[in-house]
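These notes are about the structure you will find just below.
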Amino acid sequence: MGLLLKMKMQNQHHPLASKLQEQTGNKRYTFIQAHRAWLLKLMFLWILLMALISRIIYSKMDVGTKVRRKEVLGSLCDQRARMLQDQFSVSVNHVHALAILVSTFHYYRNPSAIDQETFAEYTARTAFERPLLSGVAYAQRVVNSEREQFEKQHGVVIKTMEREASPVRDEYAPVIFAQETVSYLESIDMMSGEEDRENIMRARATGKAVLTSPFRLLGSHHLGVVLTFPVYKSKLPPNPTTEELIKATAGYVGGSFDVESLVENLLGQLAGHQAILVNVYDVTNSSDPLIMYGNQYEEGDVSLVHESKLDFGDPYRKHQMICRYHQKAPPNWTALSTAILFFVILLLIGYILYGAGNHIVKVEDDFHEMQELKVRAEAADVAKSQFLATVSHEIRTPMNGILGMLGLLLRTELNSTQRDYAQTAQACGKALIALINEVLDRAKIEAGKLELEAVPFDLRSILDDVLSLFSEKSRHKGLELAVFVSDKVPDIVMGDPGRFRQIVTNLVGNSVKFTERGHIFVKVHLSENRKPVTNGKHETYRNGGSEEVVHASGGYNLKTLSGYEAADERNNWDNFNHLIADEEFFCDASTKKVASNEFYEQVTLMVCVEDTGIGIPFSAQDRIFMPFVQADSSTSRNYGGTGIGLSISKCLVELMGGQINFISRPQVGSTFSFTADFGIFKKNPITEVKKVNYEDLPSSFRGLKAVVVDGKPVRAAVTRYHLKRLGIQVKVANAINKAVSLCGKNGASSTGLFQPDIIFVEKDSWVCGEDGIFSVRQLDWKQNGHIFKMPQMILLATNISNDEFDKAKSAGFSDTVIMKPLRASMVGACLQQVLGTGKKRQLGKEMPNGSTSVRSLLFGKKILVVDDNVVNRRVAAGALKNFGADVKCADSGKAALEMLQFPHKFDACFMDIQMPEMDGFEATRRIREMERTANEETNSECGERKSEFHLPILAMTADVIHATYEECLKCGMDGYVSKPFEEENLYQAVAKFFQTKPTSVDS
């Protein structure tokens, strides 16, 4: 009743319950129901709003059209400006060439090769190269002192532009050579005009072409300009100064450009030139621009103009072209029609919405009722999940009491029948609590209450433990069960070891259940080394494929772990060997791991579980991850199970930040793979992880050499992986004769030969050489000089009969037979027995002497058990007393504080987490505070630092999720032990407090 009342109070505060109460207590109206009178007003508002939007659309489109019109005008204007500039540049180059001609043949040669007749004839015949020039002429530079001599020599009088005798000046520039079209310029002083004089002086000072301002040309009365180039009487230095240029100047070549004709010809060559109007200006004086072409009066569309710069080669003068459209832009009918169409469409939409609003008002009451029913259903579903998740502790507690009492009962004196009954009840209880745990885990996931731990753990040790769970079943079926972890995977990762173990256990358990021959292979590597398995493979078989599979060549020669075909064809020896080669390409594996720890905060691992079982029918593959779903009804009848394991595994994988997929082929097998994100543990893995999950493998085998004889390369690589974990150097041979050849002949001590200390022979390889061949190889070994270094012979077998065992002994395997699946700790224990190295010691999670070791640790120790449940106290006290401990009990945290007042004689305390009044966390915090106070008083009295009081406190919990590793450490606990007490868990919990640390063996 108390539990139900507690659940009821919790549900009353649930958001869905509150929502349901609000809806049932007060009927809520939606916006449309509450404002139905506003529907007509909203319709008018909609019309106004759509009219405004249509106006905005028209404006946007009209602006876009104007922008495009402006861009077109700019493009056309720039095109004309470039063409005018290019044609002008060509004519300028011809005038420059004429200036060089005069300089070369008139001044560089003596006597001159040019006279008026020659110049006139040459310029007339080459006039086609200067179509833009009305004429060219050459004016000689004459200083005042040379004027009289010049006039006598040429028989002329230097005149001004007005045809009058030129007055006395410092310098003159009379024309001596002229084209026939401008013959009227002969003897006229080109420097008689003020502007002309400045242009000529600027030309000789710069050595470049100069232009005059626009003026009316004689004869044509068109606007034009005069281009002037200096002519030099001697060659100039590479970089002449202004004085050198003026001194070397002998005359000037000039040409007149008819700008109006030039632009008219240019525009006539362009299509559509009537569309725009062009004006050319001299803007040297920006305040008073001079027109060179075009109408001075504004015509056309003056609202849009474009200016293009012109460069005629004279940096002093600036010119530009201004363009505008000949006609104004027409109305934008496209924008107008689009805006009107948009307005009409939106008006229709508004009318439809108005009608829909009226209809919604009518059906809103029905919708409100349906919504209320939906909330009720959701509240009931959440209440169910919340109830199951909340009572998980209460359900587990009596079950743990039953299992604990059965465990204590089995330690008493029982006859065979009683022991059989008790063992059967214990097995059924464990199966029941496992099923309860799965159902509660699913409920926690649905309720969103499942939390993941983040503690350091040894992933390889976890996988070895999973294999040990199914070792008996795999041996009974004759299955190859193996695990392989890439060297790139860190030794220690941060994550939830329990949930990781649960996922792998579910997948391996399913594989063992549905596999009758072949193998089950677990592989772990970094996700970057392998593309994830997708469901695309079985789609290929589904589309046109059959569920009947034909095995290749009898199905027992494929390069897989067992030789049977696997569902995922990528898991063959070639890809597996490539993965191993990638690992060995780098340097030492530990160096790689340290490097990875320095640059990455987390690592993504991919775990593949491959089997050669019955596979999954294609019709069931789409729903395989649904809860409580199996392939068909016959699966449950033949194999048992609830169909919830894969569903929970999928949820756990997603909580770990990964994905789970599979490839399955009926009668071939299945390959499940999942990825998961783990943190990288950067602290000292030995000192920190020993507290939780760390497999302390022996180091006494480092430096030993071994040969693995196995004809299956994948299986040999797995054996090599486990031996490498023990520090053994390994070579692989596919036959015993190859193993002998590895060591050479007649000289085992020769340099460079591989002298093995141990030879591991797979049972298959031994059976192949059973008829005397193996003994012959041994004799050959002895005859080849190995008589004093005969290695230890160890046989590896999945299962072996008594007859086969006797034959193995007679064949030379007198040392031992290791039964698979292989685990590093188990192999290490066997090697210690075979080689006689070291004493028996703890290997991973295996206790050296079973209950005797726990008894040796706990015998005579005074231990306090704190738990509010009397059954739990009796179970814990009984288990600890069975191991020789002196146990006292307390039923609450307050009672524990009273019993632990200093001084006390307790060696350890087992503390329950969930207790009334004061839970285990709060009790632990207060105990640690009492210890700090006692330590301070002791140190102050003694004057020196003594050993501090620290009572080992271990959390007792039936649900580790509520007592995570971080929470235990935060409140001061030293670890936890799960209920009910089992020897393995109890040994791990107390060993580090009561056992002296073993001395390390140097490698």
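Numbering starts at 1 and runs along the chain as it is shown here.
Every residue gets a Cβ built from N, Cα and C, even glycine.
Here's what Swiss-Prot has on this protein:
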- Asp196, Leu218, Thr228: trans-zeatin binding site (BINDING)
- Asp867, Asp868, Asp912, Gln914, Asp959: Ca(2+) binding site (BINDING)
- 862-994: domain 'Response regulatory 2' (DOMAIN)
- His393: phosphohistidine (MOD_RES)
- Asp912: 4-aspartylphosphate (MOD_RES)
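Swiss-Prot feature annotations superimposed on the structure.
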residue: Asp196; record: trans-zeatin binding site; Cβ within 10 Å: 20
residue: Thr228; record: trans-zeatin binding site; Cβ within 10 Å: 25
residue: Asp867; record: Ca(2+) binding site; Cβ within 10 Å: 27
residue: Asp868; record: Ca(2+) binding site; Cβ within 10 Å: 18
residue: Asp912; record: Ca(2+) binding site; Cβ within 10 Å: 28
residue: Gln914; record: Ca(2+) binding site; Cβ within 10 Å: 19
If I take the alpha carbons of Asp196 (trans-zeatin binding site) and Gln914 (Ca(2+) binding site), what is the distance between them in whole Å?
111
Which of the binding-site residues Asp867, Asp868, Asp912, Gln914 has its Cα nearest to the Cα of Thr228 (trans-zeatin binding site)?
Gln914
Per DSSP, what is the helix/strand/coil residue tally across the domain 'Response regulatory 2' (862-994)?
65 helix, 24 strand, 44 coil
Collapsed DSSP category at Asp196 (trans-zeatin binding site):
helix
